[in-house]
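Student: Below you will find the structure I want to go over with you.
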């Protein structure tokens, strides 16, 4: 029997809290009543059809609410968001309630068929798609205007009525995950399947890429050490090392696509249909009809969006790039001052002073990157992109352009304008090591220390209270709501992207870059795991099939590295000595080698399939079965119409 949304019960005796909603203290009663009613209302009436109850505390505050859903509601929600689960025949298919019996481990009384993170993802999806229909304002707050199609949750957040929404941790599962993930120091693979079940595919895929990239750097590190020790000034000996580096950067990115396809097929996200994404919560516009899906959703003029991008965002980014170059020239003035000081004094102190400008510049780069990130987020949000994927792509493009220039412009200037290889080595080493230390401190050590300090105070305060309600749940919610919010994998991928640039762009100048990258990534795995489990609130799971636009970013960096390494080798005295009479022959030879290496890269990228053969067969089989099912359905409809 096919279940409909109207048959979903909004009352359930065994209420399981999954998501926490925190409203601002002093929120008006009519606002709370209206918002909670929209959450429990049936979908036909524009509600989310979920379960909600207040968290009762000793002081009687009712600004925190727990959200859950009935088992049937979650199953229908799983079909609605397109979750893919494993069938009894070991194939992966999109879950449908009507065919629920064909899925592995499904039973009507099995509450664990959907993981807790999947349930929380479904609830988040439904809350984010609560949109205004006839309301003109938030009840009780005339200044909080609403119009058809406006996201209710977004409006509540922007007006400070809604403080935050976050998923609850599962303490027992988190304890098990901590033990297997970082609770014991060992050389081995991360429990990626367990990470995926608890945190979702996006975070699991990041840790999978971090682990893979670290292992992929080991050959470069092993080869780089003898080159550093025995061939420091002989640039002609770096030709083989640079060539290996360039081919290595292509192979690891192509192999990663295959590994990623295997993982995401196993997790089901490789098959998820993403072409009809729901509008992102921050998207606003006049309520209209989507011509593709036929559904009601906000509509916003693409011309207005393009005008905002090209008349405001692009000039702002260009201005920031100019400012970055201006700061870079100040850095070179400091370098010249330090060099003059060393020439005059010739002491150990003056020798140390040679590294001070690079260290100061590295710190300034990190500060500028973080400030620019906030500006880029504001601008991208203001551009009002309909889809989350479009929003992320525009944000990543803005940040990558600035970070690339900010981090690498000085190295390009030293290499191709000043022609100072000694300063290039010094600056590269200083920027790489300093940025790694700052990132480890800012992203993991400092937040962990602050969170540990806060948790100590929280426990002392909680144990001093005497409560009649469920102390463990109240304590958990109150401690988690004060935790920091994990803002996604953006900064983590950006750090790896910049690290990849330091390793690949100037490999023939500083072969030890890969060694420092490996050491940093080993500690990064443990520190990132620590911050996910102990420092931040549990993030909502986000299904994904790959690392998205970051794959293109890494591939673009590998192409740029071909050009830079070829030019650096061509500039070396040893290579110049091979062409004493004609510089044009040298330029043509370097250009020929560079084009040849690029051709080899593109041929390798074409030859190595993105998906393993067995995955391709499984995907083709599913596509064939879908077409056959559609054909059978059409034939059935045709037969019924003939009977009539």
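For all residues, glycine too, the Cβ spot is worked out from N, Cα and C.
Below, the features straight out of TrEMBL:
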| type | residues | note |
| --- | --- | --- |
| DOMAIN | 195-621 | domain 'Anoctamin transmembrane' |
| TRANSMEM | 212-232 | transmembrane segment |
| TRANSMEM | 238-256 | transmembrane segment |
| TRANSMEM | 309-332 | transmembrane segment |
| TRANSMEM | 352-372 | transmembrane segment |
| TRANSMEM | 395-416 | transmembrane segment |
| TRANSMEM | 496-519 | transmembrane segment |
| TRANSMEM | 586-608 | transmembrane segment |
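Set these features in their place in the structure for me.
Tutor: Residues 238, 241, 244-245, 248, 252, 256, 259, 496, 500, 503, 507, 510-515, 517-518, 521-522, 525 of the same chain lie 6 or more positions beyond the ends of the transmembrane segment (212-232) yet place their CB under 8 Å from a CB of it.
Tertiary neighbourhood of the transmembrane segment (238-256): same-chain residues 209, 212-213, 216, 219-220, 223-224, 227, 231, 500, 503-504, 507-508, 511, 551, 554-555, 557-558, 561-562, 565-566, 568-569, 572, 597, 600-601, 604-605, 608, 610, selected by CB-CB distance under 8 Å and a gap of 6+ residues from either end.
Within its own chain, the transmembrane segment (309-332) is flanked in space by residues 357-358, 360-361, 364, 368, 372, 375-376, 379-380, 382-383, 394, 398, 401-402, 405-406, 409-410, 413, which lie at least six positions past its ends and keep a Cβ under 8 Å from the stretch.
Under 8 Å from some Cβ of the transmembrane segment (395-416) lie the Cβ atoms of residues 313, 317, 320-321, 324-325, 328, 331-332, 361, 365, 368-369, 372-373, 376-377, 379-380, 423-424, 427-428, 431, 435, 490, 494, 497-498, 501, 505-506, 509, 549-550, 553, 564, 567-568, 571, all in the same chain and six or more residues away from its ends.
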